[in-house]
Structure formats: structure tokens, C-alpha cells
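Lifted from Swiss-Prot, the feature list:
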{"type": "BINDING", "residues": "His84, His183", "note": "heme b b562 binding site"}
{"type": "BINDING", "residues": "His98, His197", "note": "heme b b566 binding site"}
{"type": "BINDING", "residues": "His202", "note": "ubiquinone binding site"}
{"type": "TRANSMEM", "residues": "34-54", "note": "transmembrane segment"}
{"type": "TRANSMEM", "residues": "78-99", "note": "transmembrane segment"}
{"type": "TRANSMEM", "residues": "114-134", "note": "transmembrane segment"}
{"type": "TRANSMEM", "residues": "179-199", "note": "transmembrane segment"}
{"type": "TRANSMEM", "residues": "227-247", "note": "transmembrane segment"}
{"type": "TRANSMEM", "residues": "289-309", "note": "transmembrane segment"}
{"type": "TRANSMEM", "residues": "321-341", "note": "transmembrane segment"}
{"type": "TRANSMEM", "residues": "348-368", "note": "transmembrane segment"}
Amino acid sequence: MALNLRKNHRILKIINDALIDLPTPSNISTWWNFGSLLGVCLITQIITGLLLAMHYTADTNLAFSSVAHICRDVQFGWLIRNLHANGASFFFICIYLHIGRGLYYGSYLYKETWNIGVILLLALMATAFVGYVLPWGQMSFWGATVITNLFSAIPYIGQTLVEWAWGGFSVDNPTLTRFFALHFLLPFVIVGLTLVHLTFLHETGSNNPLGIPSDCDKIPFHPYYTIKDILGFVLMLSLLVSLALFSPNLLGDPENFTPANPLVTPPHIKPEWYFLFAYAILRSIPNKLGGVLALAASILVLFLTPLLHTSKLRSMTFRPLSQILFWTLVANVLILTWVGSQPVEHPFIIIGQLASFTYFTIILVLFPLAALLENKLLKL
């Protein structure tokens with residue numbers, strides 16, 4: 001009998017074990033689609049980004065014009081640019097939903113997978129930040145100035161670090177060229193980390209909505225979940241293309257249509273919508289170093305979630321108190337996102353401070369306490 005190439009070929013076997021014959025819990029819901037959607041986002045961003053990089057010029061005198069040239073003169077350049085810019089938004093929507101799923105269903109108990117996931121989030125945020133600087137509009141320039149300046153809050157080495165990052169004494173040509181280099185490099189780092197993320201996930205297998213072992217009831221990934229994933233791809237790509245074609249600038253800042261001018265500061269400096277929650281936390285602390293630490297903590301706190309899990313149950317499916325807290329946290333992050341887009345004045349300052357305090361309190365204090373209380377109530 002002829003050998004099955006799919007199961008015996010050294011390379012095809014790896015693909016087979018990851019995407020075809022992978023034993024998968026039979027009850028995972030649509031919340032488990034976001035991992036594959038993130039993969040599609042990554043591939044889309046790399047392809048569109050590569051096409052844009054072929055026509056872009058990383059020079060302060062030419063960057064803005066080169067982006068205009070892409071949109072006006074390159075075949076379908078406007079579409080490629082709009083897909084790339086809005087693709088970033090979809091990437092963040094998917095990753096936030098993916099993290100939310102992980103928090104709700106206790107997937108963070110796969111510690112290695114979770115920790116690499118958090119590193120992936122940090123890499124994605126870094127990539128998006130350096131990418132936003134490249135069109136060299138007003139918000140690109142001032143966003144880069146404000147965010148890189150935060151490193152100067154680090155005691156002793158801060159100022160040296162900032163000037164080293166800038167390649168001079170202000171955000172200028174060296175900054176733009178190195179940001180372009182980093183923006184080109186980081187997606188491939190993300191690809192590598194994604195493979196490690198998947199390797200660790202396939203060591204344990206997927207979690208499921210009940211949070212109980214599912215070894216007794218596994219089904220092959222193909223055809224069941226390949227079909228389910230393709231439905232997700234179609235829906236997401238339809239939404240992305242619709243956004244890119246009908247209102248490509250909906251999520252952007254009008255300020256970025258003005259070329260960068262170091263002599264004119266925009267009235268409201270704010271990042272893209274997907275960073276607003278962290279920006280609100282940064283702004284809510286009146287001290288520079290304190291704000292930077294809070295900003296870092298807002299993401300790094302995710303590393304602590306596996307250590308703060310006190311419940312005897314893995315998932316929140318059967319934990320109503322934790323569910324209430326979880327949805328309060330979601331609402332809280334949305335409030336932070338809104339506050340981050342508002343000017344620094346009353347009442348937004350106090351709302352931001354309360355929301356920032358609540359964010360950390362829910363994650364660090366209330367989640368573990370609620371879980372302990374539920375253990376008692378359920379006599380576990």
C-alpha cells in the first residue's frame with residue numbers, strides 16, 4: 001500500500017498535524033475563530049505592506065508625497081493603502097476579542113501560550129505605532145514625538161535613551177528611516193512568535209467553553225473547523241473591504257492629511273482608536289514617570305492573570321459573579337477608550353482617573369476575590 005504523503009512527508013506532516021488531523025474539542029464556539037482570523041489579518045497586512053513598501057520613500061521630504069503618489073498614481077494604490085490602514089484596526093479588534101475570550105474562558109491557564117500571546121500583543125502594538133509614523137502627517141509626527149518622549153521619564157538613562165531612539169535631538173529623518181526599518185522587520189518577528197504560540201497551544205490542545213478536559217470528545221480540525229474558519233474569513237474580509245471602500249478614513253485622524261510641521265502643534269494629540277484605552281490610563285496620572293508605569297502596567301498586567309486565578313473552575317461559564325465583573329471590565333475599557341479621545345479637561349480627567357483605578361482593581365483585586373467567594377458559595 002502506498003504511503004500517505006500528507007502523514008509521512010516531513011514538512012506536510014507538520015501542516016497536517018496543525019491544520020488537518022489536529023484533534024479539536026467538539027464544542028468550541030465562534031469565540032475560537034479569532035485565532036485564525038488574526039492569522040488572516042497578519043497575512044493580509046504583510047502582503048499589502050510589502051506592496052506599499054515598493055512605492056514608499058522613507059525620507060522626511062518625500063514620505064508624505066510618496067503616500068499621496070501611491071494613492072493617485074499606483075495601480076489600485078488607494079485600495080492597497082486603505083486595506084492596510086483599516087486592516088490594522090481589524091487586527092486590533094480581533095486581538096482584543098481573542099484576549100477577552102482567553103480571560104473569560106480561563107485559557108490563560110495554558111501559561112506558555114498565554115505569555116507568548118501577551119508578547120505578541122506588545123509586538124503588534126510596537127508595529128502599529130512605528131507604522132503610524134510613516135505617512136509623516138501632523139499626527140504621525142506629534143504622536144511619535146509624544147510617545148517616544150515618554151522614555152525620558154526613565155530615571156538616569158531616560159534622556160540618552162530618547163536621543164538614541166530619535167537618532168538626534170528631535171524626531172527627524174533618522175527617526176523616520178529607522179521606524180520604517182522596524183515596521184518592515186516586526187511583522188516577520190510576529191510570524192515567528194505566532195508559530196511558537198501555536199506550538200505551545202498544540203502541546204495542550206484547545207480549551208473549550210465549559211473549561212473541562214475534552215480528551216474524551218475530540219473531532220478532526222478538517223473539515224469541521226476549516227469550514228467554520230472560512231466563514232469567519234469571509235465575514236471579516238467583507239467587513240474590511242466594505243470599510244476600505246465606503247469610508248476608508250472613518251477611523252483615521254483628519255490631522256494626518258496635513259504634512260508634518262514641527263512648528264505647529266495639533267490642538268488634540270491622540271493616537272489611533274486602538275491605543276486610546278492605554279493613552280487614557282497614561283493621562284490619568286499627573287506624574288510623568290507614574291503615567292509611563294501605569295501605561296506599561298495596563299498591558300503587562302495580563303502576565304499576572306494566570307497567577308491570580310483563585311477559582312476551582314477554569315471558565316467563567318458557571319461563575320455569575322465573575323461574569324458581572326468581566327462585563328464591567330469590558331464596559332470600563334470602552335469608557336477608557338472614549339475618555340482617551342476627549343480633551344484633558346473637566347469632567348474627562350476625573351472620569352479617566354476613576355476608570356483607570358477600576359481597570360486595575362477589577363483585574364488585580366476583584367477577580368481573585370470573586371472567584372474565592374464563588375468557591376465558597378458552590379462549596380468547592
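Keep in mind that glycine also has a Cβ here, set from the backbone N, Cα and C atoms.
Known features from Swiss-Prot, placed on the structure.
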residue: His84; record: heme b b562 binding site; DSSP class: helix
residue: His98; record: heme b b566 binding site; DSSP class: helix
residue: His183; record: heme b b562 binding site; DSSP class: helix
residue: His197; record: heme b b566 binding site; DSSP class: helix
residue: His202; record: ubiquinone binding site; DSSP class: helix
- [ ] Answer yes if the transmembrane segment (289-309) and the transmembrane segment (179-199) have at least three CB pairs under 8 Å among residue pairs 6 or more apart in sequence, and no otherwise.
- [x] no
- [ ] Name the one residue among His84, His98, His183 whose Cα is closest in three-dimensional space to that of His202 (ubiquinone binding site); these are the binding-site residues.
- [x] His98
TODO: Establish whether the number of Cβ pairs under 8 Å between the transmembrane segment (179-199) and the transmembrane segment (114-134) reaches at least three, counting only pairs separated by 6 or more residues.
DONE: yes
- [ ] In whole Å, note down how far the CA of His84 (heme b b562 binding site) lies from the CA of His98 (heme b b566 binding site).
- [x] 21
TODO: With a Cβ cut-off under 8 Å, give me the same-chain residues at least six positions beyond the ends of the transmembrane segment (114-134) that come close to it.
DONE: 56, 58, 63, 67, 88, 91-92, 95, 98-99, 102, 107-108, 140-141, 143-144, 147, 175-176, 179-180, 182-183, 186-187, 189-190, 193-194, 196-197, 200, 271-272, 274-275, 299-300, 302-303, 305-306
Task: Other parts of the chain folded back onto the transmembrane segment (227-247), taken as Cβ under 8 Å at six or more residues beyond its ends - done: 30, 33-34, 36-37, 40-41, 44, 79, 82-83, 85-87, 89-90, 94
Open item on the list: Between the Cα atoms of His183 (heme b b562 binding site) and His197 (heme b b566 binding site), what distance do you get, rounded to the nearest Å?
Closed with: 21
- [ ] Would you mind checking how many other C-beta atoms are within 10 angstroms of the C-beta on His183 (heme b b562 binding site)?
- [x] 22
TODO: Do me a favour and check the Cα-Cα span between His84 (heme b b562 binding site) and His197 (heme b b566 binding site); whole Å is fine.
DONE: 24
Open item on the list: My understanding is the cutoff is Cβ-Cβ under 8 Å with a sequence separation of 6 or more in the same chain; which residues meet that for His197 (heme b b566 binding site)?
Closed with: Thr113, Ile116, Gly117, Leu120
Open item on the list: Going by a 10 angstroms cut-off between Cβ atoms, which of the binding-site residues His84, His98, His202 has the sparsest surroundings?
Closed with: His202
